[in-house]
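Some notes on the structure that comes next.
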């Protein structure tokens with residue numbers, strides 16, 4: 001094994017080791033004093049990133065299926081546009097489905113970036129598991145309450161019969177056996193087509209209310225609460241939003257178009273880097289070096305040139321902006337923007 005091969009293997013091992021810490025920021029709990037290269041009080045940008053193009057032009061761009069690949073920009077846009085609900089909330093099922101498509105997007109960028117997507121996928125799984133557990137608890141509670149109510153009605157009827165006919169009730173008829181609920185007991189009440197989620201995890205704000213009421217959110221220690229996990233996804237979403245915006249921009253003042261690797265690094269430095277230790281930041285930048293060229297991204301979103309890419313990507317950027325701002329407001333109102 002040559003020196004270059006050994007160096008490449010070492011880099012891969014380092015990236016695998018640090019990949020699990022991508023959204024955690026856990027290294028800073030151990031090496032904060034020696035590895036942080038700048039003050040963590042420096043706040044990342046927060047912007048809608050949607051003031052650069054004509055909205056009517058963007059919304060008229062038809063998006064179809066891209067054959068031969070997992071990532072579908074049309075599906076991503078559809079999920080993002082389905083996420084906002086009421087005036088300030090975000091539905092969790094389409095929000096998580098948006099992340100499913102973004103994970104496919106990152107997986108397509110090569111094995112180095114897919115290490116990051118694996119960590120993000122783990123975060124979405126945490127929220128889904130919490131939602132499923134709560135749905136199961138809700139169903140069990142409704143079954144139990146239904147059985148208790150049925151037993152109460154049976155006892156009440158037995159007492160009435162005893163008083164009228166002055167006879168002791170016979171054995172319980174098979175027709176009076178407790179009914180068992182079929183399927184998920186919350187489907188009818190939800191009425192939203194998300195049978196695997198309880199009402200408490202139907203939206204970002206309902207999840208926040210539930211976890212605060214149950215004491216699941218710790219403002220001092222790390223926990224696997226849905227709120228803490230959401231914050232990590234929220235930060236990563238800003239990074240991807242800024243990266244996609246930069247990809248859609250043309251050259252400035254006659255300068256050359258920057259490579260996707262450079263754009264992704266710049267977007268990272270403006271967003272997620274503020275939450276990572278020095279070591280994680282260096283590992284992330286190594287991963288970005290292996291990013292494919294601009295032509296690959298054209299094929300990934302089914303366009304032929306930079307102008308078409310701008311139309312498609314800016315439309316996605318706008319949709320992300322709506323979801324991001326609503327999530328930002330919900331977390332900020334509950335002092336959750338700095339959960340450990």
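Positions of Cβ are set from backbone N, Cα and C atoms, glycine also.
Bear in mind that the values here come from a model prediction, so they are computed numbers and not experimental data.
Taken from TrEMBL, the feature compositional bias 'Basic and acidic residues' covers 132-162.
Annotation comment: TrEMBL describes 92-139 (among others) as domain 'Glycolipid transfer protein'. Confidence across the domain 'Glycolipid transfer protein' (92-139), taken as the mean pLDDT and rounded to a whole number, stands at 92.
Taken from TrEMBL, the feature domain 'Glycolipid transfer protein' applies to 199-302 (among others).
Feature annotation from TrEMBL assigns region 'Disordered' to 132-180.
Look at TrEMBL and you will find 1-23 tagged as signal peptide.
For the domain 'Glycolipid transfer protein' (199-302), residue counts in helix, strand and coil come to 70 helix, 1 strand, 33 coil, using DSSP.
Secondary structure by DSSP for the domain 'Glycolipid transfer protein' (92-139): 45 helix, 0 strand, 3 coil.
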